[in-house]
Amino acid sequence: MESETQDLIHRPSVASDEPEKLKDEPELHEPGRHSRTFGIDLVLQPFRWIAMLARELNPSFIFGVFLVYGLSQGFTGSFFRVVSDYYWKDVQKIQPSAVQMFSGLYYIPWLMKPVWGVLTDVFPVYGYRRRPYFIFAGILGTMASLIVSSVTGLPVAMALLCFVGLSVCVAMADVTIDACIATNSINKPKLAPDMQSLCGFLSSLGALVGYSSSGFLVHHLGPQAALSLMAVPAVLLVLLGFVLFESKNYLVSDKEKSWVKVGAAVRGMGRTIKHSAVWQPSLYMFLSLALSISTHEGQFYWYTDKTAGPHFSQEFVGMIYAIGAMASMVGVLIYHKFLKDFRFRTLLFYAQLLYGVSGILDLFFVLRWNLKLGLPDPIFVIMEECTSRIITRIRWIPMIVLSTKLCPLGIEGTFFALLMCIDSLGSLAHKIGGGLLLQALHVTRTDFRNLWLALFIRNVLRLCTLCFIFLVPNASPSDVLVPPDLLKSSGNGDSIDGADSHEHYEETLQLAKLGNGDEV
């Protein structure tokens, strides 16, 4: 399969395969024709790659990844990031340290991903395990976006609750597709980096659309009215719940049997996380996120300040993030083309090192040293955003690939959700930690004198993460990382035997099947 993947991605141009057809033509025309066919072949490479993945993994799986990662996460996440910042700043008029801590609360639904995973795995609704939860998530997201965008004078607590509701919508949809990704990564390990590259690319593409439109819509509609567009991805999740192919399970388990399955899953997760091969890399991923505290809200308020900052317009802020989204796609391509076969420890060491060093650009910008170097603010901030996004993507994808390699069969969906929960806990810590730091340094809506110090402390903490790199296994993405007995079942004595085990396994993978019976 690896050779087939390489053939599809690195297929030579048509001109080089058919020299006889060009033999009788004038030699003058050969370079032009070769460049045209090479250009066409270069454009078609991503489509051939996606076609290969669809053939190997099933088209409906690719469609699910597109909808959840491209639209629900990519577009929604990026659009929400810009519009919510302006909503808190201009409508609610909240201090940046408070907004920084509010943004940490958005991760609470992601901390509950194991709960969503257990619900979708062992608690079917009218015989369906996937479709009802897509519908519920979509309805919740639609209601939350419409309330926060239409109610004037909404209390801060209610607005925050609506934003958390939108996060629940995205998190529940994410759990289902992640279960399929984890299973596919175990069954076809050589395609695990390709699947994460696809997820990263679609997420970046959706983010590009979200960022590109956010500043324009905030300027012309206002931040509150612009939030109404958040209902569109949520409505499409409802539609997905109705059109998704899923075989109805007529032998619906009773409550007692469902709780037995929950107990088996919890015990299986407990046994798995106790292995050093699992908890050590999980701890590193948590620390790498928690120690990289976020100062985003302080920087955003400084970006848009009329006196202390460069006073960027709403459209330009959206354009900065849109260009950053394109840079993020470049990071995906760099990883996919050159880095996906590197050992985890080596790649994460250098990625984290670059992540810490690149933070110096933020420090230069806030101290206005870029002007002393003759670099205008717009050029410098775009350069800084592109550098940060590329390095962040190269740092993030191998951690996700590593997470998929740590999941045992039988509870792969729930255990992957647990690992993502640990990552979300790290993200919550880095958001709240950043908010506390901004508050301690008295960074407010109008006072940014200590913002440079917050950035300096953030950069030092990023480099401190390198002290824990020994927790990452020195293995390649194709290696088996967990003990063989964990890959065979969820645990001794707790796996669901016979037909019931088969039923549970088939239902877990329904999203990746579309009537033709092909395996995921």
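Just so you know, glycine gets a Cβ as well, placed from its N, Cα and C.
The shown structure was predicted, so the numbers you read here are calculated from the model rather than taken from an experiment.
Positions annotated as region 'Disordered' by TrEMBL: 1-33.
The annotation compositional bias 'Basic and acidic residues' is assigned in TrEMBL to 18-33.
Residues 50, 53-54, 103, 163, 166, 169-170, 173-174, 176-177, 180-181, 184, 195, 198-199, 202-211, 213-215, 217-218, 223, 226-227, 229-230, 233, 236-237, 240, 317-318, 321, 325, 511-512, 520 of the same chain, all 6+ positions outside the transmembrane segment (61-84), place their C-beta atoms under 8 angstroms from a C-beta of that stretch. Under the heading transmembrane segment, TrEMBL lists 61-84 (among others).
Look at TrEMBL and you will find 104-126 (among others) tagged as transmembrane segment.
Counting only same-chain residues 6+ beyond the ends of the transmembrane segment (133-151), those with a CB under 8 A from a CB of the stretch are 87, 116, 119-120, 125, 158-159, 162-163, 165-166, 168-170, 172-173, 176, 224-231, 233-242, 244. As annotated by TrEMBL, transmembrane segment applies to 133-151 (among others).
According to TrEMBL, the feature transmembrane segment maps to 157-177 (among others).
The transmembrane segment annotation in TrEMBL covers 198-219 (among others).
Marked as transmembrane segment by TrEMBL: 225-245 (among others). Outside the transmembrane segment (225-245), and at least 6 residues removed from its termini, the chain residues within Cβ reach (under 8 Å) are 60, 64, 67, 71-72, 75-76, 79-80, 83-84, 87, 130-135, 137-142, 144-146, 148-150, 166, 169, 173, 214, 217-218, 510-511, 513-515.
Sequence-remote contacts of a segment are chain residues at least 6 beyond its ends whose Cβ falls under 8 Å from one of its Cβ atoms, and for the transmembrane segment (277-296) they are 100, 103, 344, 348, 352, 355, 362, 395, 399, 402-403, 406, 419, 422-423, 425-427, 429-431, 433-434, 437-438, 451, 454-455, 457-458, 461-462, 464-465, 468-469, 471-473, 481-483. Look at TrEMBL and you will find 277-296 (among others) tagged as transmembrane segment.
Long-range contacts of the transmembrane segment (316-335) within the same chain, counting only residues at least 6 positions beyond its ends with a Cβ under 8 Å from a Cβ of the stretch, are 78, 81-82, 193, 197, 200-201, 204-205, 207-208, 210-216, 218, 300, 303-304, 378, 381-382, 385-394, 397-398. Sequence annotations record features per position, and here TrEMBL assigns transmembrane segment to 316-335 (among others).
Under the heading transmembrane segment, TrEMBL lists 347-367 (among others).
Residues or ranges marked as transmembrane segment by TrEMBL: 415-438 (among others).
Sequence-distant contacts of the transmembrane segment (450-472) (same chain, at least 6 residues past either end, Cβ-Cβ under 8 Å): 280-281, 283-284, 287-288, 291-295, 298-299, 302, 344-345, 348-349, 352-353, 355-357, 359-360, 362-363, 366-367, 402, 434, 437-438, 441-443. The feature transmembrane segment is assigned by TrEMBL to 450-472 (among others).
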Interface-richest range of 104-126, 198-219, 415-438 toward the transmembrane segment (157-177), CB pairs under 8 Å: 104-126
